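Colleague: Okay, handing you the structure first.
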Amino acid sequence: MRKPFYKILYVQVLFAIFVGILLGHFWPDTGVAMKPLGDGFIKLIKMIIGPIIFCTVVTGIAGMSDMKKVGRVGGKALLYFEIVSTFALLIGLGAAHLLKPGVGFNIDPATLDTKAIEQYVSKAHGQSTVEFLMHIIPDTIFSAFSNGDILQILLVSLFFGAALAAIGERARIVVQLIEQVSKVFFHIVHVITKVAPIGAFGAMAFTIGKYGLGSLVPLLKLIGTFYFTAIVFVVFVLGAIARATGFNILRFISYIKEELLIVLGTSSSEAALPHLMEKLEKLGCSKSVVGLVVPTGYSFNLDGTNIYMTMAVIFIAQATGIELTLLQQLTILGVAMLTSKGASGVTGAGFITLAATLAVVPTIPVAGMVLILGIDRFMSECRALTNIIGNGVATVVVSAWEHELDRAQLKRTLQQGGEDEAELADAGQNV
């Protein structure tokens, strides 16, 4: 028996987003006051991300008898990330040149007030490649979890899982315990997901109430160019990769629609991380590959952020009348490939990464970021959506490369569409 449509999670989230837009538009002060609802939901999800990554990675690695396999999976994932990220950067650059969203502004950078972007620039100046790599190593095992840093948690999990695998059968009881604890944490995720509509409502009401739909009008061409380019990237680039791997990108998007709507409402791809990992396992990807690829992808495979970065840089150059040479554009690409690795799945990280890129390329004034500050929140939804789709596709691809993908289950699950989602939602209700 099918559930009434109003009890389906993605319908509830869609309705909540719509109501949030109305509230923020007509009663902006009330909309801004709804911010704690969105923040609270994201904090609930972040509370559980660390333990879930730890349990998933540890049990996955502990189940691998060959530690070379861990390195092989990680190496293939990083290779995939670099290739696809480069495509994303190039597509963002090409689209900005082709559609010219910044031409016609004729803005003098000296007239721009940079006070609003000082917090982003100061954070960006603190980032460097060496510091980023050193930051991956936590001060203590516990600080990785208390800080909620995904890469630090992943590093701790890799060491812990490798140690359990080395000990072998004597550590079997520990592995079994972690497997059971993992089930508890995923059950908590199902409970938290029930309030996703409230979180999406609060976050969207705040966004519209604070920034207003009117702030979109002057920069509609840039927003339209970015959204159009992201759609082209997902449909054609990720679509071609998916087709080569043996699945349809549109069916895959339909399969993770609940996660996408949560991301749309909260502007944070981290909000859907636990559910995405569970969905990918149900899709036929091995637990070990999911545990390694998804968390790593949240810092190394941000396709939406990459498209945004090169497009935003060219937009600022066009708006301020700066002509960039081929060498300067290649420099921007190289710098962006490094700075994008410092971005995480949280709101605002893409803007900080853009500041880091501009700081290394003095030809383009950092003050130009003021032009897109007001609309960055509206663009962050598209960044986060593209990022999560890209990470999902990457996990399926690496699983296929490792022969760790149950293709029959993949085909069956995608063909069934929403049936598995209904079962997942029912499981969450039986608490």
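Cβ atoms are placed via backbone N, Cα and C, with glycine included.
As listed in Swiss-Prot for this protein:
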TRANSMEM  8-28  transmembrane segment
TRANSMEM  44-64  transmembrane segment
TRANSMEM  78-98  transmembrane segment
TRANSMEM  148-168  transmembrane segment
TRANSMEM  188-208  transmembrane segment
TRANSMEM  222-242  transmembrane segment
TRANSMEM  307-327  transmembrane segment
TRANSMEM  355-375  transmembrane segment
Colleague: Sort out for me which stretch, of 44-64, 148-168, 188-208, 222-242, 355-375, has the most Cβ pairs below 8 angstroms to the transmembrane segment (78-98).
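Modeller: Between the candidates 44-64, 148-168, 188-208, 222-242, 355-375, the best contact partner of the transmembrane segment (78-98) is 222-242.
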Colleague: Please report, as numbers and ranges, the same-chain residues at least 6 past the borders of the transmembrane segment (148-168) whose CB is under 8 Å from any CB of it.
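Modeller: Contacts of the transmembrane segment (148-168) (Cβ under 8 Å, skipping residues fewer than 6 from its ends): 46, 49-50, 53-54, 57-65, 67, 70, 135-138, 141, 174-175, 270, 291-292, 295-296, 298-299, 344-345.
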Colleague: Same chain, outside the transmembrane segment (307-327) by at least 6, Cβ under 8 Å from its Cβ: which residues?
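Modeller: Distant Cβ neighbours of the transmembrane segment (307-327) are 88-93, 95-97, 100-103, 105-109, 222, 225-226, 229-230, 233, 333, 336, 339-340, 350, 353-354, 357-358, 361, 363-365, 368-369, 371-372, 379, 382-383, 386.
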Colleague: By a Cβ-Cβ criterion of under 8 Å, what residues six or more beyond either terminus of the transmembrane segment (188-208) are in contact with it?
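Modeller: Answer is 9, 12-13, 15-17, 19-21, 23-25, 28, 30-32, 34-42, 44-45, 48, 52, 261-262, 264-267, 271, 274-275, 278, 377-378, 424, 427-429, 431.
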Colleague: Would you mind listing the long-range same-chain contacts of the transmembrane segment (222-242), meaning Cβ under 8 Å and 6+ residues beyond its ends?
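Modeller: Tertiary neighbours of the transmembrane segment (222-242) are 84, 87-88, 91-92, 95-96, 99, 101-102, 216, 248-250, 252-253, 303-304, 307-308, 311, 315, 372, 375, 378-379, 382-383, 385-386, 389-390, 393, 396-397.
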Colleague: Cβ under 8 Å to the transmembrane segment (8-28), counting only same-chain residues 6 or more beyond its ends: which ones?
Modeller: 34, 193, 196-198, 200-210, 212-213, 257-258, 261-262, 264-265, 421-422, 425
